[in-house]
Amino acid sequence: MATTNNVTELILLGFSPNQDVQKTISVMFLLMYTAIVLGNGLIVVTIMGNKGLTSPMYFFLGYLSFVEICYCSVTAPKLILDSFIERKIISLKGCITQIFFLHFFGGTEIFLLTVMAYDRYVAICKPLHYTVIMNRRACGLLVGAAWGGGLLHSVGQTFLISQLPFCGPKVLDHYFCDVHPVLKLACSDTFLIGVLIIANGGSISVISFTVLLASYVVILHALSTQTSEGRRKALSTCASHVAVVGLFFIPCSFVYMRPCVTLPADKIVAVFYTVVTPLLNPIIYSFRNAEVKNAMRRLIGRKVIW
């Protein structure tokens, strides 16, 4: 398909045409983005700086927190800065780059959540073999596979979008660039590429979500043989994982597992998987965890003494 482009830049409409409303929303995003960077950053630093948090669960959590910071940073800073600019413009190349990183970090997060579910499955269902199965080399390979899977998914989505010609209009009814809103601006038949985009994103979501559900079903069945104390701890950990999975997968499924059309609710739904999930990750995963909280207190105490 020829990629003759008369469009070199796109105009982002944001959340509202009212500049005062847009500024209010941007202040909220600034507060949430600051909390995301500080909260997830604290988790990363705590896990890296504490020799007691060496289990695979914390190894994966550290990477998940790092990915959350990167994922939110793809969209939030530009929205915040755009509130001070009358015309919210992004170049076409910049738009495609944003799509690439959005799906790279989003895909990596999906695979990391799947890896973390597998880790809990091994820990609860095969406790005697846990240290053998989840050794450091295996954990490194699983994290590498998550990054590689995210990269392949992102390259696929970006390649499909980059094949389209854009000759007008150039107004994007969103606050960041994503495949469906951009697809709507193409001046050619997008049916086949739309199907391929859904197949790429949808297959990852369906397969990962199926693996996640299967893991937790097996875990719940295995918990019937545990002691009441062991069952309580395992349920607490799994409940945290399921909460994050639900907050991330349900909005993503709403946006990416349907025909390539844009809906008015898409902007609000996008906030959940790009901002709300990274914001709640430290609370759900870590601040309810006694080991992590104690490690954070020791880390902050050392910094204060220094």
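In case you wondered, yes, glycine gets a Cβ from its N, Cα and C as well.
As annotated by TrEMBL, domain 'G-protein coupled receptors family 1 profile' applies to 39-285.
Look at TrEMBL and you will find 25-45 (among others) tagged as transmembrane segment. Sequence-distant contacts of the transmembrane segment (25-45), counting only residues of its own chain at least 6 positions beyond either end whose CB sits under 8 Å from a CB of the stretch, comprise 14-16, 61-62, 65-66, 68-69, 72-73, 76-77, 79-80, 82-83, 275, 278-279, 281-283, 285-286, 292, 296, 299.
The transmembrane segment annotation in TrEMBL covers 57-76 (among others).
As annotated by TrEMBL, transmembrane segment applies to 96-118 (among others).
Tertiary neighbourhood of the transmembrane segment (138-156): same-chain residues 56, 59-60, 63, 100-112, 114-115, 118, 196, 200-201, 204, selected by CB-CB distance under 8 Å and a gap of 6+ residues from either end. Annotated transmembrane segment per TrEMBL: 138-156 (among others), in sequence order.
Feature annotation from TrEMBL assigns transmembrane segment to 191-222 (among others).
Within its own chain, the transmembrane segment (234-256) is flanked in space by residues 57, 106, 109-110, 113, 116-117, 120, 124, 178-180, 198, 201-202, 205, 208-209, 212, 216, 219-220, 223, 226, 266, 269-270, 272-273, 276-277, 280-281, 284-285, 288, which lie at least six positions past its ends and keep a Cβ under 8 Å from the stretch. Per TrEMBL, transmembrane segment is recorded for 234-256 (among others).
Residues or ranges marked as transmembrane segment by TrEMBL: 268-287 (among others). Packing against the transmembrane segment (268-287) from elsewhere in the chain are residues 29, 32-33, 35-36, 39-40, 42-43, 46, 61, 64-65, 68-69, 71-72, 74-76, 102, 106, 174-176, 178, 240, 243-244, 247-248, 251-252, 254-255, 293, 296: each is 6 or more residues past its ends and has a CB under 8 Å from a CB in it.
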